[in-house]
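K.L.:
Sending over a structure as structure tokens; questions will come in a sec.
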Amino acid sequence: MLTRTAGLGLVRRQSTVVAQESPLRAAFQSVPVEYRAGLGVVTVSNALLNLGFGVVVPVLPAYVSGTLGLSAGGVGLVLAAPSLARISLNAACGRLADERGRIPLMAGGELLAAAGVAATGLATSLPAMLGARLAIGAGGAAAAAGSAAWTADLTALRPVLPHRGIVLGATSAVVSAAWVVGPATGGLLSASLGGAEPMFLGVGLGTAACATAYALCVPEISRGSESTPEKRRSWGKSLALLGDRAQRGSVAANAALASNYALALSVLPLQCHAIMNAGPLEIGYLFSVVSALGIVGGPLSGYLSDRFGRVAVIAPGLAICSLGNALLAVAPDATSLVVASFVWGSGEALAAPAIAAATADVAPDHSRAESLALSRTAADLSFLVVPPTMGLLADFSGTPAAPFVFASVATALAACKTAKCLPTRRPSPDTAAFADS
């Protein structure tokens, strides 16, 4: 800025520095004061829940097999039971969350899941184990219906809506951090405790504590709507939501992302073993490091999607996942495999928070939880179907590279579908029909 010095006619330049607020801080400050503590509880609880489940993931298959003496097929059935329960109950839990409110589903669902986790550590027969695992899935369906809708309610508030992406991206980063720490912690605890039973009981108690925090510390935002004859007749018609083009884009994006996760968990270890003779420890380290990309990628993806629109982030993110799958298919050595894994992980870290924001964007406010449940069901179906089908493809082709070729093509098609169906505009309190006052 130019100023004239009195009496001398001299001109000197003064610099003006304007401090710009960080996007994360601006997003947090946009949240109404009465909901900030609730957002903190939901975020921390999600991190602790994912940390707990991450702890038991490495030991669960061996524990089930050793405790019950099951074959690989029996272990697969036990592991798939929660997915079957979620697929069956997601829509019903979503409708209940729309009708009765979010907090009862969040607290009640986590209590049921807590009982299921603890019962897993106590089960001594296949029926008891299946019952415990089904309880985990049923509780998870209820809790996810409530928590996803609560977060969508919060980010639909007029001051928060422009920051929806970065709020969801920040929570995604916290969850990624939990998955970086969880599996390694589980392996260490299993070795030091001499068994998995105390771990299941501990995770069950932690899950129950999260349920209590939901009930006591998280306020309702949307109070739900009364059941009417028209709404009761609409039960069982969740698929009618797919008549909306944006919903189809959201479902396609969620299914593609979940399919990539499922492929990485089921087939990538085979590729690692085939190319670099990696064991569980090396594979675990690779997964942890790739998961760490989400810690940085979550807030970045959210910020970019808030600024440039969801499609501008989702389509490139899925395209990078497609490229990563192609590189994994042709990786000739360990270095190439690690690089390809990082490419894939970068695409996932970029796409995931923007997909979560887009899913919340297109959910109508009168049936928000049910709409979100539709995308979760697509993801759960992917986790249920992809591992066995891609495993069979690897068996029939004689190489674990074939599933990655298939996934590369499918993910690229999903990127195109998403770009075609999802709205390209940025969400705005003035233009978004789904924004709450």
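Heads up, the Cβ atoms here are built off N, Cα and C, so glycines get one too.
TrEMBL annotations: computationally assigned, not manually curated.
Keep in mind that what you see is a predicted model, and the values were worked out from it rather than measured.
Not my notes, these are from TrEMBL:
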type: TRANSMEM; residues: 37-57; note: transmembrane segment
type: DOMAIN; residues: 38-426; note: domain 'Major facilitator superfamily (MFS) profile'
type: TRANSMEM; residues: 63-84; note: transmembrane segment
type: TRANSMEM; residues: 105-128; note: transmembrane segment
type: TRANSMEM; residues: 134-154; note: transmembrane segment
type: TRANSMEM; residues: 166-193; note: transmembrane segment
type: TRANSMEM; residues: 199-217; note: transmembrane segment
type: TRANSMEM; residues: 283-304; note: transmembrane segment
type: TRANSMEM; residues: 311-331; note: transmembrane segment
K.L.:
Which of 105-128, 166-193, 199-217, 311-331 has the most Cβ pairs closer than 8 Å to the transmembrane segment (283-304)?
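P.N.:
By the under-8 Å Cβ criterion, the transmembrane segment (283-304) pairs most with 166-193.
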K.L.:
At a Cβ cut-off of 8 Å, and with pairs 6 or more apart in sequence only, do we get at least 3 pairs between the transmembrane segment (134-154) and the transmembrane segment (63-84), yes or no?
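P.N.:
Contact between the transmembrane segment (63-84) and the transmembrane segment (134-154): present, because at least 3 Cβ pairs are under 8 Å.
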K.L.:
Which sequence positions outside the transmembrane segment (199-217), separated from its termini by at least 6 residues, show Cβ-Cβ distances below 8 Å to it?
P.N.:
37-38, 41-42, 45, 48-49, 52-53, 55-56, 59, 103, 106-111, 113-122, 143, 146-147, 186, 189-190, 193
K.L.:
Can you name the far-off residues of the same chain, 6+ from the ends of the transmembrane segment (166-193), with a Cβ under 8 Å from a Cβ of it?
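P.N.:
That would be 23-24, 27, 31, 39, 42-44, 46-48, 50-59, 151, 154-155, 160, 199, 284, 287-289, 291-303, 305-306, 349, 352-354, 356-357, 360.
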